Amino acid sequence: MMYRPDVVRARKRVCWEPWVIGLVIFISLIVLAVCIGLTVHYVRYNQKKTYNYYSTLSFTTDKLYAEFGREASNNFTEMSQRLESMVKNAFYKSPLREEFVKSQVIKFSQQKHGVLAHMLLICRFHSTEDPETVDKIVQLVLHEKLQDAVGPPKVDPHSVKIKKINKTETDSYLNHCCGTRRSKTLGQSLRIVGGTEVEEGEWPWQASLQWDGSHRCGATLINATWLVSAAHCFTTYKNPARWTASFGVTIKPSKMKRGLRRIIVHEKYKHPSHDYDISLAELSSPVPYTNAVHRVCLPDASYEFQPGDVMFVTGFGALKNDGYSQNHLRQAQVTLIDATTCNEPQAYNDAITPRMLCAGSLEGKTDACQGDSGGPLVSSDARDIWYLAGIVSWGDECAKPNKPGVYTRVTALRDWITSKTGI
């Protein structure tokens, strides 16, 4: 059989007339121009600009100023939440519902006939809007809609004043408030043992305590000059001159460093017992508050965190039992466990005292580990303000079933902190 290749037939070449080619190009250019025009129109009319305002509002209340004038107290939080809700409702009942982002009380000050609330107000308007017109509309909405606000407290709508501020000023005000942090959606985090690294500004109160330059424990910034940590961190290493505190999401390089002026260990702490496991460290000089470094809120002694509350523990500790500390800060989402469950025989068999709390998972999924000691266990309130609930203290290895992490209960020792620091 002879090999027979396929017959390839020549195709007739089709040539377009020049006017057809020109028409196709012309139509293509028109379509491209329309697409570009629509894109520019969309960007121009849909891009939004953030407007930040410093606002003041007068009000009267039956409560004494001393009851809510102290930042982060239960009464401060309650009063702030009421006023923020009033402002939110004012915008939600106006045509500016979609433009309103948030309001936040940053402090209160006394007046001769009442109290002045100092607030930050954040809105977003289309970039094509006239800035002066925006300012007038925001002021008008507050004046008109706050007249319908139902107290207590009783607000004076005509007292509202707003002043436009830039992002740097806004950040500065927020950074000087306790318990604020970078806005970030908190998904399900794994334990610090193999957990997730965090970004700058997520947990700005976290500190690393280092002895002769080596990380030993975590700590929490509670004001510009004081850290709170665990007492057992200083059992062997007592000389403050050899300790340093670093801040930021990495130990090396750090965002900033400070030496320690003095260390205060609770008088009732007796090693190797875990009870009263709390200490304070005074920094050699104050730290400036920034987006990356600022303080957590301390809860009132009377505040009660509830079993089942979702909390976060952070630290530079090991990824496994008897492992090495990490250079990058990690986080773990844990759940508060009631003391009765934690004191059961299969758990800690009545070893949990009123100065302790348990958090984690009875299945052993989440936990802190070596090197996390002294670090923060924090919980947020309805205003998304974060409070120090516990201090990493002890546990049976790391992430073992029925052996959740044990933390020093901050509310139980809140008065001791005040007695030593005035905070």
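Note that Cβ sites are derived from N, Cα and C of the backbone, with glycine treated the same way.
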From Cys342, Cys398, partner that Swiss-Prot gives for the disulfide involving Cys358: Cys342
Cα distance (Å, whole number) from Asn223 (N-linked glycosylation site) to Asn166 (N-linked glycosylation site): 25
PLDDT averaged over the residues of the topological domain 'Cytoplasmic' (1-19): 51
Among Asn223, Cys233, Cys342, which are recorded as recorded positions, the nearest neighbour of Cys369 (disulfide bond) by Cα: Cys233
Proximal but sequence-remote residues of the same chain as Cys342 (disulfide bond) (Cβ under 8 Å, at least 6 apart): Tyr348, Ile352, Cys358, Pro404, Val406
